[in-house]
Amino acid sequence: MPSGSGFHNIEEAGEKARKRDDWIAISNFHPGWFSVNMGTGITAILLQNLPYQFPGLHYIAVVLFILNVIIFFLFLTISITRYCLWPDKFKAMLAHPAHSMLLGTFPMGFATIINCIVFICVPVWGEWASRFAWGLWWIDAAVSVAICYFVPFMLMTKHTSSLETMTAAWLLPIVAPVVAAASGGVVADSLQNDTHALITILVCYAMWGSAVPLAMVILVIYFQRLAIHKLVPRAAIVSALLPIGPLGQGGFGLMQLGVVAKRVFPRLDFLAPIAGDIFYVMGAFIAMIMWGFGLIWLWFALASFTRGKFYFNIGWWAFTFPLGVFTTATTQMGKEFNSPFFDILGTFFSIVVTCMWVLVFALTVYKSCTKELFR
C-alpha cells in the first residue's frame, strides 16, 4: 500500500493537473453533463417512433443512438477519472445543494439508451437483445431508486436551502424512478417471458408510486416559490420546463404499463380476468389528466422565457428532455386513442425537440471547445 508520503504525492500530482488548462474539463465536470445523454436519447426515441415516418428517418435515429452511447461512456469515463484524481470532489458534489440534484441525470440518460436498444436493436437482433436490455434496466432502476431516496434526504439533513433559492432542479433526483418506470414498461413489452414481464411492471408501478406523488409535492412547493419570490434567476430560467418532465413521463409510463398489463395479466391469471383492462383504462385516464396538467406548466415555462434575455449554459439541455418525454405521452395517446390530433401534435413537438437538440448540441460543442462551459 502507498505510504503517507505516497498519498501526498498523488494528491499533489492531482492538484497540479487541476491547474493545467487541458485538465479543466475533467476537474470541473459535474453530473449535469449527463443531460446531454437525456436530450440526445429522447431525440432518437422520438424520431424512431414518429407517427409520420419518411425514408431514412430510422437511420437518423440509429446515428443519434450510437452517438448517445459514445457520449454516455465518454462522460462516465470522465466522471470516474475526476473522482479518482480528486476524491474530495465526490463528497463536495454530494454536499452541493445544486450539483447533487443533478445526479438524477445519470440514470435518466442511461434509460434512453435502454429504450433505444428495445426500439432499434430488438427488432433486428431478437430475444437476446431484449434480455440484455432487461438486465441493464435492473441496474438503472436500482440507481434511480437509490438517488431518489438519498438526495432528498440530503436536502432535509445536510443542504442549506431556502424557498427563495429553490429551482425546479429539485425534481431531477425524484423524476429518475419515473423515467425508469416508463422504461421498464417499454422493456417489459419486449420480453417473451410473461413472468419476467409481470415482475417488471409490478416493480415499475411501485417506483411510479414512490416518485410521482413526491414530484407533485415538489411542484406545489415550486409554485409557492414562484408566487412569493417570482421567477427564478435568468441563468436558471430554462429549468422552468422541468415540471412537464414527471407529468409527461409519468403519463407515458402509466399508458405503457397498462398496455403490458392488458396482455400479460390474463395469460398468467393474475388478479381478476378483467384486471388487465382496468389497469389499461385507468392508466390512460390518469395519463390524460397528467398531460393536461403538463400543458399549464408548459405555458408557464414559455411565458417565462419572454421576460428577458438569458445566456447559454449546460442547463439549456432542459429544452430537450422535458418536452421530449411530454411528447412521448402525446404520441402514445395518439396511438392508444387512434387520434390524428395527438399524432399531429406529437409530430409537431418532435420536430421542435429535434430543432432544439441541433441548436443546443451545436452550442455545447462550440462552448466546450472554447472551455467556456468548464469555467
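Yeah, the Cβs are placed from backbone N, Cα and C, and that goes for glycine too.
Bear in mind that the values here come from a model prediction, so they are computed numbers and not experimental data.
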Identical membrane-side domain name, GLN53 and VAL232, from Swiss-Prot: no
Region pair the transmembrane segment (310-330) / the transmembrane segment (26-46), three or more CB pairs under 8 Å: yes
Positions whose Cβ lies under 8 angstroms from the transmembrane segment (278-298), at least six residues beyond its ends: 219, 241, 243-244, 247-248, 250-252, 254-255, 257-259, 261-262, 265, 272, 323, 326, 329-330, 332-333, 336-337
Surrounding CB atoms that lie within 10 Å of the CB of ASN193 (N-linked glycosylation site), all protein chains: 15
Among the ranges 102-122, 136-156, 168-188, 344-364, the one whose Cβ pairs under 8 Å to the transmembrane segment (26-46) are most numerous: 102-122
Folded-back contacts onto the topological domain 'Cytoplasmic' (81-101), same chain, C-beta under 8 angstroms, at least six residues removed: 14, 17-18, 26-27, 29-32, 151, 154-155, 158-161, 165, 167, 169-170, 172-173
